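Colleague: Structure incoming, see below.
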């Protein structure tokens, strides 16, 4: 119902516990006296507001006898339009049983479900599938790094516009749009599985030494698999469009709906759930990788998960996420523009904005014409920009490790892809979630100010920097590999898989099937010079190998059998995996403990009306300088440590087969330490520059609160009069 006093929503205006105190004075007097307390604002108001107020003759409340003047009407309508509270439902459908969802806790639950779904896909399933996608579609790590960065490119391009226009719009419905785009992106990402045909194992070729072998032809279908790169990029772009409203408008909506001291706890919980998503994604993806990629062919194939040619069903998780994401569209669209009680909560908040950015016009940012000025205003806030650069440096390494940690563990410690992904998820996800929750809890528990939250983040980053040298503490040496790091019993040259012992075998470089013999790994049984095999044994064993001198004997209940090589990689002798996992787990905790405090600091150091835009700028810069180049830099860095590339029948270089473990460890620790130092520098500089607003500066924020309080008083008074 709309009147001269504004918009009334009597059913959903929360009754104030101090209503009698607020009704003891005229509402108009409350507003005018609050506005006139600031000399600068007083000079800018119409003449009617500058007239001295006559003393009240009666303390009894009375309704205004005349319509408010133009200035008061504008201020009142502005405040009411900002806090349109309503019931939970769709159009005229508002069941009473669903109104329990119409609370900050109810919204947080739905927010967490969407954040979990987004985390499952973007930071869980995508990361755990990278190694499989590399092999299936013959891509380099730099190309799969581009796939990971495509999400951030989309986020970066849209964040400013979504955050600016969404701040004035219906935020929950923006999140319904986010759920739709996340589901669509997950669906598109799975499409290459259905159009790329059946996975070819290459079993038509003999894996043993054959002196007469037919030459293989180069088919265009093999080399064209990498063209599916563009489909993966499209899926990531759609996922980025869905993630943009979630972490800008969703975070601002949570901050709107709860008191200041609870904001960090709610935001920390939401961010922790966004990290729980990757945990589920890693576990789910790890289990799905134990299913053969072509599910219908799984029972008929004779290879096992230990076979290097094995590829898991990476695509199933994306289809499940598509269904779950779309199931959240309707629940989000049922939320009102603001939750009941938001206006009263906002009336009790105090500004902590950086002094140079505290005196923004209350009506600023309501028009598209204000966008350039709003952007310039935030870019001139030195504290805000330092915090943004700090998070960008941190995001570079966190995104890089989230993408390539399973690959690092797989190659450093000689594990299977699925087990390495499970271990990576077991370290990354619980550590990140625990860090987010601890950070938010400590900020809320001790009610830290803006400056104290920045100091807390600086401390946690320092601890993480100290422990980042774990890659040097727990690195593993390179395992012996014939023709790469080890010669063929003193013959042949390093860097050449062909030696005198296998020169007549006509081995195929495109057929990678490692075997282990005498503690040395060989590219395939053919390159080991093996001419015979026993297929019924698991694992498959080979004998009459010209490149292997010493035989290995195995005894079973039925027979004693001598062989020279067995299928699979050699067992690693490095026992530093537990040390690495424990120390890296602590590094992750302290790294993510700074996440919530920095977000809270950003929300506090800018003007109240520019928080969504501030988050949009943060995520744009964070992705431009952090999460977009992060996986690409890590991909090129890891590729630079490759010592044996896969080359197909057409002579095209594919995925890397063998890495230099020592060089990889040193390169990764160099990136980590550099980024940590940059993070701490900008964080410390923000602390040095920050100037909390003096008490007089807070008046501009309290003037808005006075108007909101006045509106609440009038609504409560009208309700009493109508009920009477």
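Glycine is no exception: its Cβ is also placed from the backbone N, Cα and C atoms.
These figures come from a predicted structure and were not determined experimentally.
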Colleague: Pick from 581-603, 650-672, 696-718: which stretch is listed in Swiss-Prot under transmembrane segment?
Modeller: 581-603
Colleague: Among 83-103, 146-166, 356-376, indicate the range for which Swiss-Prot gives the feature transmembrane segment.
Modeller: 146-166
Colleague: Do residue 128 and residue 647 come out on the same side of the membrane in Swiss-Prot's annotation?
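Modeller: Yes, same side.
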Colleague: Of 23-47, 48-72, 173-197, which range does Swiss-Prot call transmembrane segment?
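Modeller: The range carrying the transmembrane segment annotation in Swiss-Prot is 173-197.
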Colleague: Quick one: which of 535-560, 613-638 does Swiss-Prot have down as transmembrane segment?
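Modeller: Result: 613-638 is the stretch Swiss-Prot calls transmembrane segment.
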Colleague: Give residue numbers and ranges for long-range contacts of the transmembrane segment (378-399): same chain, 6 or more residues beyond its ends, CB-CB under 8 A.
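Modeller: 148, 152, 354, 356-357, 454, 457, 461, 591-592, 594, 598, 601-602, 605-606, 610, 613-614, 617-618, 621-627, 629-631, 633, 671-672, 675-676, 678-680, 682-683, 685-686, 689-690.
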Colleague: A 10 Å Cβ contact count, applied to the disulfide-bonded residues 516, 526: which residue has the minimum?
Modeller: 516
Colleague: For a three-state summary based on DSSP, what are the helix, strand and coil counts in the topological domain 'Cytoplasmic' (444-447)?
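Modeller: For that range the per-state counts are 2 helix, 0 strand, 2 coil.
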Colleague: Which of these disulfide-bonded residues is closest to residue 530 (disulfide bond) if you go by CA atoms: 507, 516, 547?
Modeller: 547
Colleague: On a C-alpha basis, identify the one among 507, 516, 526, 547 that is nearest to residue 501 (disulfide bond); the candidates are the disulfide-bonded residues.
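Modeller: Checked the disulfide-bonded residues 507, 516, 526, 547; minimum Cα distance to residue 501 (disulfide bond) goes to 547.
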Colleague: If contact means at least 3 Cβ pairs within less than 8 Å, sequence distance 6 or more, would you call the transmembrane segment (275-295) and the transmembrane segment (225-254) in contact?
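Modeller: Between the transmembrane segment (275-295) and the transmembrane segment (225-254), contact is absent.
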Colleague: What residues elsewhere in the chain lie close to the transmembrane segment (613-638), defined as a C-beta under 8 angstroms and at least 6 residues from its ends?
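Modeller: Tertiary neighbours of the transmembrane segment (613-638) are 140-146, 148-149, 151-153, 155-156, 159-164, 167, 244, 247-248, 251-252, 365, 374-375, 378-379, 384, 387-389, 391-401, 403-404, 407-408, 599, 602-603, 606, 656, 659, 664, 667-668, 671.
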Colleague: Taking contact to mean three or more C-beta pairs under 8 angstroms, with sequence separation of 6 or more, is the transmembrane segment (173-197) in contact with the transmembrane segment (673-690)?
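Modeller: When sequence-distant Cβ pairs are counted, the transmembrane segment (673-690) does not touch the transmembrane segment (173-197), since fewer than 3 lie under 8 Å.
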